[in-house]
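Here is the structure we will look at, set down as structure tokens.
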Amino acid sequence: MERLSEDDPAAQALEYRHDASSVQHPAYEEGQTCLNCLLYTDASAQDWGPCSVFPGKLVSANGWCTAWVAR
């Protein structure tokens, strides 16, 4: 499966970033990452894993987007 690019239109629409520590968004709270998001569908995937928001793409476990939901 292909990794999601930050330049992908869907990624840009949800302000996805590979590295949550670089996020400058008012909704972001420290500690939120794809790995601890409910939408990250394989919590055992510690580097890159699937996300239900971006079908067919892998997101960084350390990433973040505006669709983040607590696991």
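Each Cβ is built from the backbone N, Cα and C atoms, and glycine gets one as well.
Annotation source Swiss-Prot lists [4Fe-4S] cluster binding site at C34, C37, C51, C65, citing experimental evidence.
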### Query
Given the binding-site residues C51, C65, which one has the fewest other C-beta atoms within 10 angstroms of its C-beta?
C51
### Summary
Under a three-state DSSP reduction, the secondary structure at C65 ([4Fe-4S] cluster binding site) is coil
### Query
So which other residues, same chain and not among C34, C37, C51, C65, have a Cβ within 8 Å of the centroid of the Cβ atoms at the [4Fe-4S] cluster site?
Y16, T33, L39, Y40, V53, F54, V59, G63, W64, A67, W68
